[in-house]
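Asks: The structure that follows is given in the form of structure tokens.
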Amino acid sequence: MAVGLAIQSDGGQYTGKITVFVVFSCTIAATAGIIFGYDLGISGGLTSMESFLKEFFPQVYNKMKEDKMTSNYCKFDSQMLTLFTSSLYIAGLIASFFASSVTRAFGRKLSILIGGTALFAGAALGGASYNIYMLLLGRVLLGVGLGFTNQSVPLYLAEMAMSKYRGAFNIGFQIFLNIGFIMATIINYCAAKIKGGWGWRISLAVAAAPAAILTIGAFFLPETPNSLIQHGNDHEKAKKMLQRIRGVDDVQVELDDLIQASYASKSVTHPFKNLLQRKYRPQLVMSIAIPFFLQATGINVIGFYSPVLFRTIGLGESASLLFTTLISFVGLGSTIVSSLVVDKLGRRALFHLGGIQMFVTQMLIGGIMAAKLGDHGELSKGYGVLLLILICVYVVAFCLSWGPLGWVVTSEIFPLEIRSAAQSINVATSLFFTFVIAQGFLAMLCHMKSGIFFFFGGWVALMTGFVYIFLPETKNIPIEKMEKIWREHTFWKRFVPSTQDYEKSKTEVA
């Protein structure tokens, strides 16, 4: 069954429709985003939840409740507390390299299945924890799951979607991430009110529900045509799958390109080593720079620690969790808007708009906290409301631009022969710097105080300039023809083969 209008092969486009089969498959795969977003929201909420702190981090709890001499910015500064958040990401970093081998050798579907299973086990163990060691082991298992799913799901979505709507489909991962974040903030808000101090168990265990959906759903997911061709010579099977997901019979042009890309892929025996070749320099740079910049936006200040941040400026536990829930709804709405306009306005326009907006708001937030908060005071109601509005504006900017596009662009620019390896570099870089910021943020907040917003604002200015100079537009370009954007780019064309050399290499491979 298909819906929508057929898109003819014109200007690099392939024939096809948006089919219910593709929408269903991509929805199941994107469920991994719910778990990722849920963890972001849960981590921040738990680190400000008094019953959780009292159970596992009593020193932080006592400092928050009784120590009147410690600076507002330093009450949550605990390496064990940040290890609770960051252990997940270092485990995910290591797992992503194993995921690359599985994805390349056995396909995207198996990686999603492994990831879902690990996520389910980690959530169950976290909810059942009775000491810090069980808690951290559960986080490690969640990290393994995220390492596999973050490596395979964006590739799956990019390969299943039509090029004209690839951005919107891939942003589905970010939309689900925002839904997961909303679920986490609401559950945290309710769990904090449960008498008896065991509500945190619910917060940790509920992640098992979307993990179960992903794990069970993975059994029924079809492999992408790219993966079917890459792992076998049954081109007829791949053609039938392509016809099913595109909703049309005339898929020969796209099939030929996939076969050609597969030949190039099979000629590569060491994809990580191959990624270092000069002709792949643009992809290598982007696989490192984009995920690094994604973390350097400072979003984890909001994502992980917004409840802690609100406690820092003098709000109570319930108010902090409630405002975090409000911000999560703002993020979801902005991400949906991004999915509607990304394939019309293009990636670069949204990067630029979001970058300018994030820079301005971070400068204003830092200025207000520097001038009005101090080490031991509280913000007035008026300035507190203004700060909340500015944080919402910042979240709107992020969720229109770097939030979804950091995943979209990196999932669509890699040729098949290095796609799995490059995506692993992308995921590993993202998780590594997520770990660094998660582990170091509370100490940075303590030492840099309001200056932390100026710190991240400077990175936002730098990354906006980077996109303007080095990132070409990728909208509406078929994923298997993406090499042309580098050959036509003012800077990158010096690294990649010319059109004539590229066509000659394709003929030699064939």
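Backbone N, Cα and C atoms are what each Cβ position is placed from, and that goes for glycine too.
I grabbed these lines from TrEMBL:
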type: DOMAIN; residues: 25-475; note: domain 'Major facilitator superfamily (MFS) profile'
type: TRANSMEM; residues: 18-38; note: transmembrane segment
type: TRANSMEM; residues: 80-98; note: transmembrane segment
type: TRANSMEM; residues: 110-130; note: transmembrane segment
type: TRANSMEM; residues: 136-157; note: transmembrane segment
type: TRANSMEM; residues: 169-192; note: transmembrane segment
type: TRANSMEM; residues: 198-221; note: transmembrane segment
type: TRANSMEM; residues: 284-306; note: transmembrane segment
type: TRANSMEM; residues: 318-342; note: transmembrane segment
type: TRANSMEM; residues: 349-371; note: transmembrane segment
type: TRANSMEM; residues: 383-405; note: transmembrane segment
type: TRANSMEM; residues: 425-445; note: transmembrane segment
type: TRANSMEM; residues: 451-471; note: transmembrane segment
Asks: Determine whether the transmembrane segment (18-38) and the transmembrane segment (451-471) share at least three Cβ pairs under 8 Å, counting only pairs 6 or more apart in sequence.
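Replies: Taking Cβ pairs at least 6 residues apart, the transmembrane segment (451-471) and the transmembrane segment (18-38) are not in contact, as fewer than 3 fall under 8 Å.
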Asks: Hey, would you say the transmembrane segment (383-405) packs against the transmembrane segment (425-445), going by three or more CB pairs under 8 A that are 6+ residues apart?
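Replies: The transmembrane segment (425-445) and the transmembrane segment (383-405): touching, no.
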Asks: Can you see whether the transmembrane segment (349-371) and the transmembrane segment (451-471) are touching - at least 3 CB pairs under 8 angstroms, only pairs 6 or more apart in sequence?
Replies: yes
Asks: Who are the chain neighbours of the transmembrane segment (318-342) in space, where the CB to CB distance is under 8 Å and they lie at least 6 residues beyond its ends?
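Replies: Here the qualifying positions are 41, 44-45, 48-49, 167-168, 171-172, 174-175, 177-179, 181-182, 184-186, 188-189, 192-193, 302, 306-308, 310-311, 350, 388, 391-392, 395-401, 403-405, 408, 475.
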Asks: I need to check the long-range neighbours of the transmembrane segment (198-221): which residues 6 or more away from its ends have a CB within less than 8 Å of a CB in the stretch?
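Replies: Hits for the transmembrane segment (198-221): 25, 28-29, 31-32, 34-35, 38-39, 42, 45-46, 49, 51-52, 55, 109, 112-113, 115-117, 119-120, 122-124, 126-129, 138, 142, 145, 149, 156, 180, 183-184, 187-188, 190-192.
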Asks: Looking at the stretches 80-98, 169-192, 425-445, which one shares the most CB pairs under 8 Å with the transmembrane segment (136-157)?
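Replies: Stretch with the highest Cβ contact count: 80-98.
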